[in-house]
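Engineer: Here it is, the structure in full.
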């Protein structure tokens, strides 16, 4: 019998991330590189570790191999525990065949046995594909104080973007009175961050109810949360005011990387009180040639810079040869940039080779971002 836990986290990491195009052709979205030396999933796992959440189930599905290898037993995040720790939970086969996760609620439902062994009071449900730093223990305290059945973390988004999110309409006490999934005409700009705390008994009851409904799409936002509201359960919105970015598109991923280069940013990766942990490869120090120029950039281990790099993020093992310029760009691990190349407002994928004399920049709209990548 597993040791009883007050709160167990379930991290949804099976997303395909189709809007990231070639970056996720052979890679799960949470495993996409970010910020010079991280993967997207590092932020959620580090938040768990820093918040004192010691038991984390990671639900994987799409292209899971590299993600599984990266997570390992969770030691990079101090989550390799005798009791609890990290457990990877892919779909599994029953006598009737393999049961794929058909939605966010389906994924948790198929792992109720995993949760039951810990007899938790609360279950924290997370997404593995957002960039943010958050103390989940404060949200749990809020949930308990408000005597809520479900608490949902929300953040104010620009009104012109509200129709892209699940929107919470609340009363003055922040109790949720209506949930609208991507409304055409939103009445609030409080967007769901995809972070939920459920009382365990409520979660179990309503997931079992949802699984019995043949018309359900087995999704929290579309099915489970509206049902809870219809039945009068208490749902509270937990306001979050820090940095949060949904990096589901090429442009938003680029923007989040560029945010790291700003003088004033709430996403401080050097915060000693809230470290973001990662699995770092062993690479030699970066080499910057005498004639090279580097300005306002993150240059990581193993890079060889002989050209000019300005306001860019370069991952480990990147080469920029003589005469080349990299401006306002993200260059992922192992990419080789030849001589006299110009790269501007672009993301260059892992292990890409950019031939001598190539020019890469937006052709039509100067606000666009170019993606140069291919599946492995």
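Placement of Cβ uses the backbone N, Cα and C atoms for every residue, glycine included.
Feature annotation from Swiss-Prot assigns alpha-D-glucose 1-phosphate binding site to 101, 166, 181, 182, 192; the stated evidence is sequence analysis.
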Engineer: Checking the spread of the alpha-D-glucose 1-phosphate site as listed (101, 166, 181, 182, 192): what is the longest Cα-Cα distance, in whole Å?
Structural biologist: 22
Engineer: Tell me whether residue 101 (alpha-D-glucose 1-phosphate binding site) sits in a helix, a strand or coil according to DSSP.
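Structural biologist: Assignment for residue 101 (alpha-D-glucose 1-phosphate binding site) reads coil.
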Engineer: Taking the Cβ of residue 192 (alpha-D-glucose 1-phosphate binding site) as the reference point, list residues of the same chain whose Cβ is under 8 angstroms away and which are at least six residues distant in sequence.
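Structural biologist: Listed in sequence order: 152, 153, 154, 165, 166, 167, 168, 179, 221.
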Engineer: Please work out which residue of 101, 181, 182 has the most C-beta neighbours within 10 angstroms of its C-beta, and give that one of the binding-site residues.
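Structural biologist: Comparing the binding-site residues 101, 181, 182, the most crowded Cβ belongs to 101.
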Engineer: Ten-angstrom check, please: count other Cβ atoms within 10 Å of the Cβ of residue 166 (alpha-D-glucose 1-phosphate binding site), all chains counted.
Structural biologist: 21
